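Novice: Per TrEMBL, the feature Fe cation binding site maps to A:H80, A:E97. According to TrEMBL, the Zn(2+) binding site annotation covers A:C86, A:C89, A:C120, A:C123.
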Protein chains: 2
Amino acid sequence: MKRRKTPAKEAVLKLLSQRQKAMSHDAIEQEIEVDANRATIYRVLNQFCDDGIVHKVVAEDGKQYFAVCMDCKGEKIPNHHFHFRCTTCDTIECLGESVHFSIPEGYRVKDVNCLLSGTCPDCT
Amino acid sequence: MKRRKTPAKEAVLKLLSQRQKAMSHDAIEQEIEVDANRATIYRVLNQFCDDGIVHKVVAEDGKQYFAVCMDCKGEKIPNHHFHFRCTTCDTIECLGESVHFSIPEGYRVKDVNCLLSGTCPDCT
DNA sequence: AATATTAATGCGACTTTGTTGCAATAATAA
DNA sequence: TTATTATTGCAACAAAGTCGCATTAATATT
Ligand SMILES: [Mn+2]
Ligand SMILES: [Mn+2]
Ligand SMILES: [Zn+2]
Ligand SMILES: [Zn+2]
């Protein structure tokens, strides 16, 4: 499947690139510059995720947040790093800090999801 | 509000105590010994959380998982530890491993949520 | 033991988040 | 300019979770 350049994709990517932080679908839909259907936005976001352009974080509120990660430039499997969610401005950002751990025998780790939450510098 | 002892509460707590692992509402409803309405189970679980009897983990699937944590015995703020989610048997367990991190100036961390996922020893 | 109080329950309606099928549209290739 | 097919909008759907309200039942009181 060859990808096509569309207004919806450009707008989403532009918005996500401007902000340094991860946004929920809801926030994206509100702040985006073009009109786009909910399903379209989700499809665009999921496609970006598949292509490794943006990545997805699920927060403690159970919602998905999407961001263009600064640290992992195109790498398929980026270094596992902490994410920080500000509960005041409701955004998530990537922290440089990487995650270190060791686990008991027998466990096979396929994914790492570490989310700190609180208030960010902008909201203090 | 004084708490009352009811079949639903006893059944949920019994099930959660037997298993070492965190269970979703769905799993609890299926395996519980009494018939209980969905709303009732959620209310019971949330009450337990308020009372500090069980605690809640949100997984990458966006669902809530509930467990009687082994490590934090009644402590209000337990030590931050990793959780592990087996995507095969769909359970979550507390790992002894604690979470270490340092964050930039200006951030105020109020909550820590670290979830590893993959397959557990039982499912290999 | 009978009665009063009110926490807990069941039911249904509702919200939110996210996905999917399908026909119509539009970006790219030929 | 035409053909191909990725993308979109729409509506319907699914899953997770919450809430109002009348009813039930656990505890306290008499
Ligand atoms: Mn990141
Ligand atoms: Mn735990
Ligand atoms: Zn903030
Ligand atoms: Zn398992």
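If you go along the chain as it appears here, the first residue is 1 and each next one adds 1.
Note that Cβ sites are derived from N, Cα and C of the backbone, with glycine treated the same way.
All TrEMBL annotations are machine predictions without curation.
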Novice: Below 8 Å between Cβ atoms and chain B: which of A:H80, A:C89, A:E97, A:C123 make it? I'm asking about the binding-site residues.
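Specialist: So the ones by chain B are A:E97.
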Novice: How many Å lie between the Cα of A:C120 (Zn(2+) binding site) and the Cα of A:E97 (Fe cation binding site)?
Specialist: 15
Novice: May I have the list of same-chain residues other than A:C86, A:C89, A:C120, A:C123 whose Cβ is within 8 Å of the Cβ centroid of the recorded Zn(2+) site, in sequence order?
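Specialist: Near the Zn(2+) site, the remaining chain residues are A:T87, A:T88, A:D90, A:T91, A:T119, A:P121, A:D122.
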Novice: Should we count any of the binding-site residues A:H80, A:C86, A:C89, A:E97, A:C120 as near ligand 3, judged by a CB under 6 A from one of its atoms, and which?
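Specialist: Checked binding-site residues vs ligand 3; flagged A:C86, A:C89, A:C120.
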Novice: Is it possible to get the count of other C-beta atoms within 10 angstroms of the C-beta of A:H80 (Fe cation binding site)?
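Specialist: Excluding its own Cβ, A:H80 (Fe cation binding site) sees 16 Cβ atoms within 10 Å.
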Novice: Round to the nearest Å and give the CA-to-CA distance linking A:H80 (Fe cation binding site) with A:C123 (Zn(2+) binding site).
Specialist: 26
Novice: Could you round the CA separation between A:C86 (Zn(2+) binding site) and A:E97 (Fe cation binding site) to a whole angstrom and send it over?
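Specialist: Roughly 17 Å, rounded to the nearest whole number.
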Novice: Please compare the binding-site residues A:C86, A:C89, A:C123 by how many other CB atoms fall within 10 Å of each one's CB, and tell me which has the fewest.
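Specialist: Taking A:C86, A:C89, A:C123 as the binding-site residues, the minimal 10 Å Cβ count falls on A:C89.
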Novice: Tell me, how many other CB atoms lie within 10 A of the CB of A:C120 (Zn(2+) binding site), whichever protein chain they belong to?
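Specialist: Result for A:C120 (Zn(2+) binding site): 21 neighbouring Cβ atoms inside 10 Å.
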